[in-house]
Amino acid sequence: MFREVTFFESLFKSNKWTWLFGWVFHIAMLLVVLRHLRYFTEPVWLWVNLIQPFGKYAGFAMLAGLLALWGRRFLVERVRYISSPSDHLMLILLIGIAASGLMMKYVVHTDIVALKAFTLGLIRFNWQPLPADPVLLVHLSLVLILMFVFPVSKLLHAPGVFFSPSRNQVDNARETRHAAPWVTELESSTNRAGGE
């Protein structure tokens, strides 16, 4: 189970390119999310300070992984066939979040001090004004949309691995018959009806 959750073992066995793009995206997203903890803590924890340089460039890796996964939805025929509009919209949402975050860092240069004052004010009930940077407002709006959509979308696939029957059942189907209780009741009633 650990290998599946951390290294996506079944995806690695299935398709190396999809595994690479997915793993790069997930690891980069983890670094980016952990890097954002600096906006919610004062003083900033040491380990959060230590990952800042990696998290800064992880945004590019996150965007590259998302673009590759989205490109796969167009270029691989069998994936294109099963892709629904919601699959594309989720990728567009995540790409928009990553792109607007990178724009705030490298293009527009949002006032991070004012942003941190705003986020700490939310936590401490000491309201501070939100910087009126349009890219920041787009970024935060997309993140809020993601937070609303996440629990009811395909993006909530991570907890599902813990409830997957193929991962939680004993792999001895050739040695032992695993039948639901209603099957044995059905068989016994069929045997009685056939014997009469």
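Just so it is clear, glycine is given a Cβ too, placed from its N, Cα and C backbone atoms.
Summarising the annotation, TrEMBL assigns domain 'NarG-like' to 22-158. Here the domain 'NarG-like' (22-158) has, by DSSP, the following mix of helix, strand and coil residues: 109 helix, 0 strand, 28 coil.
Within the same chain, residues 7-8, 11, 44-45, 48, 51-52, 54-56, 58-62, 64-66, 68-69, 72, 98, 101 sit at least 6 positions outside the transmembrane segment (20-37) and bring their C-beta atoms closer than 8 Å to a C-beta of that stretch. What TrEMBL lists as transmembrane segment is 20-37 (among others).
Residues or ranges marked as transmembrane segment by TrEMBL: 57-76 (among others).
What TrEMBL lists as transmembrane segment is 88-108 (among others). With a threshold of 8 Å between CB atoms, the same-chain residues lying at least 6 positions outside the transmembrane segment (88-108) that come near it are 32, 56, 59-60, 62-63, 66-67, 69-70, 73, 133, 135-136, 138-139, 142-143, 145-146, 149, 153-155.
Taken from TrEMBL, the feature transmembrane segment covers 136-157 (among others).
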Stretch-averaged pLDDT - the domain 'NarG-like' (22-158): 92
Residues from the same chain, set at least six apart from the ends of the transmembrane segment (57-76), whose C-beta lies under 8 A from its own: 17-18, 21-29, 31-32, 35, 83, 87-88, 91-92, 94-95, 98-99, 101-102, 105
Contact set, same chain, for the transmembrane segment (136-157): CB under 8 Å, 6 or more residues outside the stretch: 86-87, 90, 93-94, 96-97, 100-101, 104, 108, 110, 115, 130
